[in-house]
Amino acid sequence: MIVLSGMIGAGKSSLATILSEHLGTQAFYEQVDDNPVLPLFYADPKKYAFLLQIYFLNKRFASIKRALADDNNVLDRSIYEDSLFFHINADMGRATEQEVEVYDELLDNMMEELPYAAHKKAPDLLVHLVISYDKMLDHIKKRGRSYEQPENDSTLVDYYHNLLERYDKWYEDYNYSPKMKIDCDQYDFVENTADRAEVLRLIDEQLKIRGTL
Ligand SMILES: Nc1ncnc2c1ncn2[C@@H]1O[C@H](COP(=O)(O)OP(=O)(O)OP(=O)(O)O)[C@@H](O)[C@H]1O
Ligand SMILES: Nc1nc(=O)c2ncn([C@H]3C[C@H](O)[C@@H](CO)O3)c2[nH]1
């Protein structure tokens, strides 16, 4: 299983499609447009942060179990980032200490079950998408989900900056599997075919080193 990580709008879902088609494997997407809790969260983060997190954790666990079944399936976002999101939200006062404690224990408990549920614990490769704030906003605007637009909600500017800041350290500390970075300001793998080919080549190179290609 290959896991894609990175900020909101970095291009994970787009790359999941491109990469899974290239490898002839399956992509497992994050549940967004049919996620009933996400709009509630953006409207009232304090009230819904915990519920949203439990929702994502549950869906993610189900996807991971299926994605781990075959080599090179592509998972759109890691379970470790769900925890990062929640801790940032908690630090912004959107979850209580007790909620954080329950979440962390539940996550640990679920992670202990993964080797039994999926015969494998960690991904074969993490592909982290790095993006600047401005480029990320371009993508968020282009995609047009109203609840993600900072012009509709100025608190999102702080939220996005907090996430971006913490993501760098998260990637540096990540040690559950081999990892690589793709610079989304440098490579436009959605609209530029030469950039797309280069990104796929870089990922293939890592998969060959790891013996899954
Ligand atoms: N390299 C790129 N060039 C141009 N547009 C892009 C690029 N990458 C992504 N986009 C566009 O940006 C938007 C967000 O991309 P996508 O949904 O793939 O991001 P994501 O990382 O999966 O986001 P989220 O974390 O919110 O699920 C989409 O409209 C997509 O077409
Ligand atoms: N709070 C929170 N915790 C998560 O684990 C999480 N994972 C994704 N998201 C939000 C970001 C995008 O708007 C949208 C699509 O990625 O969903 C999350 N939000």
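The count begins at 1 with the first shown residue.
In case you wondered, yes, glycine gets a Cβ from its N, Cα and C as well.
Feature list (source: TrEMBL):
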- ASP76: active site, proton acceptor (ACT_SITE)
- GLY6, MET7, ILE8, GLY9, ALA10, GLY11, LYS12, SER13, SER14: ATP binding site (BINDING)
- GLU30, TYR42, GLN53, ARG77, ASP82, GLU148: substrate binding site (BINDING)
- 2-205: domain 'Deoxynucleoside kinase' (DOMAIN)
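Taking all protein chains in view, 24 other C-beta atoms sit within 10 angstroms of the C-beta of GLY6 (ATP binding site). Within the same chain, residues at least 6 positions away in sequence whose Cβ sits under 8 Å from that of GLU148 (substrate binding site) are ILE8, GLY9, TYR42, ILE140, LEU156. Among the binding-site residues listed (SER14, GLU30, GLU148), GLU30, GLU148 have a CB atom closer than 6 Å to some atom of ligand 2, in sequence order. Each of the binding-site residues ILE8, ALA10 was ranked by the number of other C-beta atoms within 10 Å, and first place falls to ALA10. Between the CA atoms of SER14 (ATP binding site) and the residue listed as 'active site, proton acceptor' there is a gap of 9 Å. Checking the binding-site residues ALA10, TYR42, GLN53, ASP82, GLU148 against ligand 1 with a 6 Å cutoff on the Cβ atom leaves ALA10, in sequence order.
Cα distances from ALA10 (ATP binding site) to the binding-site residues GLU30, ARG77, ASP82 are smallest for ARG77.
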